[in-house]
């Protein structure tokens, strides 16, 4: 789950040494117990924000605990895959309503308007749950082995996990009895718990929900004020239109008026709801125009402002807490090295620490040539001594991507051939700008070919076959490009670049796909028609986006886009989890109601708008339906239709609560965050241009100006820039 902050091998660290460190190397180093190794472990903990608790590092069994911890982290990918599998199980699990004694079996998918994903049988579902439960138990309880029970149970998060695990086990036992036909099971809590475990064990998601929990009080206050506005406006509308056509046809009661005015607050039924009044008198439009202006452009934006202000306050607390934890951890590392309590470190001590940091998987490889640069970076006072405040900048300094010499390609094993005049000339050509211009030209020609081939495909023109062959030819040109780059730079250096990784995967899939297309029998439609390879070739056109980075007016927009994607992932993931909760609830409340045999279905707006496929009969359809409601596309159709099908007004509570949480709260939060983050990124881009225009000699002395940041560093840097004034106030209040 972790990755290097700095890719590549250092120039003096040995050409043949593996760039990627081994967990066993770190475990063995820490197990042998020097102060510098413990300090390096603490710095690593400060860098990634996770790892061994500080209390363990002071214990007598630190080495054993660290060894068990590293064994645990070796399976990070497996743990992540298991939590993903827990969520995926919801999509394939057979809904409980299908187990009722139905007139028509759930196997008739058309009858119930079900999706296309297959259902797991009871036995298959139980096996799936059993395997994921076993891995879940191991992941939750294994930390006891290196933390100890007392320290483990002291954590509120661990206690919550254990309690939820016991509830999940009980739910599975009850489900087994249900499969044995002991009784009918109307409700399962497992679908909700799977998503909860997913949230609790994905740190970014967990932090997002903690922020939302801190905002809840402020949000409820502003929602209460909005509710007062809605109640008063609805009462005014009910009284005002009592004796008009509007009152006799639409605003027939206060409850009905309140419902219609609430939907109008979201503009989903505008202007349909006030057409009767408009027919009576054109002047009646003033009432509704004023209501929409106040509701949509004032109250809603007021909610947006309050939500984001509260969000920033909670985010500042979270970022400040992480900074304080980072500082406390670095202080421990500092004290371990400063055994004489001098209050400072000299260059030799820092050098020994950096040598230990070279063994860590989440920290960069630092060469001897870089030690002096980093030491100068930290030594703000210029006294050749590093105090605690200067040492606190260590994680930032060592996280920089210093320019390094490339590691040796494997072809250096044949120096006579690799360094021959022809080879040197070829490699020089590949490194040059001309080669990149040729590739860009090929991409542009490929784009034209794709457009022509796609147009002919739409027209069912036989000339499409020729252009498909042309596209296949382009695929092999990319193979040649990849081979030349690997030959020139070496595979390790080639793999460092994210674009190269994307090209490598797509290119090899194209090669394998083209081969399969030509050798596959005609009966295998998917392989033999070659259509799917075209979409991979189109995906390669995404490389053209990089051209926008060379256009000054677009650079800030493109850079902001790529920075905002990882910044927004936790909040988009939060919305996804909310959708999962509501989807599970929707299946249990509304599952099976929409079916061909329901006589009340034809009179609903679901049937009238041809929305029958958007239902809550299975998990995939439910998620798509909730997405449609999320984007506010005729969302009142589902609310009113399910109210009519269930026969109870309590149905409104489901849809209104979803609107309040997902649309009015979370989507507003994302909109505000994007606006603020974009402005911060534009400021950073402007600052970077100013730095680039400074004295080049000074820039070469401070090598950080030529570095780049990893994704997590960019997000962290962006957040600190966005919250710089609030963080300053927070640090002044809590010195």
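Cβ atoms are placed via backbone N, Cα and C, with glycine included.
Taken from Swiss-Prot, the feature topological domain 'Cytoplasmic' applies to 1-67 (among others), supported by sequence analysis.
Look at Swiss-Prot and you will find 68-88 (among others) tagged as transmembrane segment.
Per Swiss-Prot, the feature topological domain 'Extracellular' maps to 89-125 (among others); the stated evidence is sequence analysis. Looking only at the topological domain 'Extracellular' (89-125), the predicted model's pLDDT averages out at 84.
Summarising the annotation, Swiss-Prot assigns transmembrane segment to 126-146 (among others). Note on the transmembrane segment (126-146): residues 52, 56, 64-66, 68-69, 72, 78-79, 82, 85-86, 89, 92, 120, 152, 158, 161-162, 165, 168-169, 172, 175-176, 179, 190, 197, 201 of its chain, located 6 or more positions outside it, place their CB under 8 angstroms from a CB of the stretch.
Look at Swiss-Prot and you will find 147-161 (among others) tagged as topological domain 'Cytoplasmic', backed by sequence analysis. The helix, strand and coil residue counts that DSSP assigns across the topological domain 'Cytoplasmic' (147-161) are 13 helix, 0 strand, 2 coil.
The transmembrane segment annotation in Swiss-Prot covers 162-182 (among others), and the record cites sequence analysis as its basis. Outside the transmembrane segment (162-182), and at least 6 residues removed from its termini, the chain residues within Cβ reach (under 8 Å) are 99, 122-123, 126, 129-130, 133, 136-137, 140-141, 188-190, 193, 196-197, 200.
Among the features that Swiss-Prot reports, transmembrane segment is placed at 184-202 (among others). Through the fold, the transmembrane segment (184-202) approaches residues 79, 83-84, 86-87, 89-90, 93, 96, 99-100, 129, 136, 139, 157, 160-161, 164, 167-168, 171-172, 174-175, 178, 209, 573, 577, 580-581, 584, 587-588 of its own chain, all at least 6 residues removed from its boundaries and within a Cβ separation under 8 Å.
Look at Swiss-Prot and you will find 203-208 (among others) tagged as topological domain 'Cytoplasmic'. Applying DSSP to the topological domain 'Cytoplasmic' (203-208) sorts its residues as follows: 6 helix, 0 strand, 0 coil.
For 209-229 (among others), the entry in Swiss-Prot reads transmembrane segment, with the evidence type sequence analysis.
Per Swiss-Prot, topological domain 'Extracellular' is recorded for 230-248 (among others), and the stated evidence type is sequence analysis. Long-range contacts of the topological domain 'Extracellular' (230-248) within the same chain, counting only residues at least 6 positions beyond its ends with a Cβ under 8 Å from a Cβ of the stretch, are 254, 257-258, 261-262, 265, 274, 276-277, 279-280, 284, 287, 291, 295.
Remote same-chain residues near the intramembrane segment (249-263) are listed as 230-231, 233-235, 237-238, 241-242, 269, 273-274, 276, 291, 636, 649, 652, 656 (criterion: CB distance under 8 Å, separation of at least six residues from the stretch ends). As annotated by Swiss-Prot, intramembrane segment applies to 249-263 (among others).
Taken from Swiss-Prot, the feature topological domain 'Extracellular' covers 264-286 (among others). Residues 230, 241, 244-246, 249-250, 292, 295-296, 299, 632, 634-636, 659, 663 of the same chain lie 6 or more positions beyond the ends of the topological domain 'Extracellular' (264-286) yet place their CB under 8 Å from a CB of it.
Listed by sequence, the residues of this chain that lie at least six past the ends of the transmembrane segment (287-307) yet keep a Cβ under 8 A from its Cβ atoms are 215, 218-219, 222-223, 226, 229-230, 233, 237, 240, 261, 264-265, 267, 270-271, 273-274, 277, 664-665, 668-669, 671-672. Taken from Swiss-Prot, the feature transmembrane segment applies to 287-307 (among others).
Residues or ranges marked as topological domain 'Cytoplasmic' by Swiss-Prot on the basis of sequence analysis: 308-431 (among others).
If you look up Swiss-Prot, you'll see 325-360 marked as domain 'EF-hand 1'.
Positions annotated as domain 'EF-hand 2' by Swiss-Prot: 366-401.
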So how many of the residues in the topological domain 'Extracellular' (264-286) end up helix, strand or coil by DSSP?
16 helix, 0 strand, 7 coil
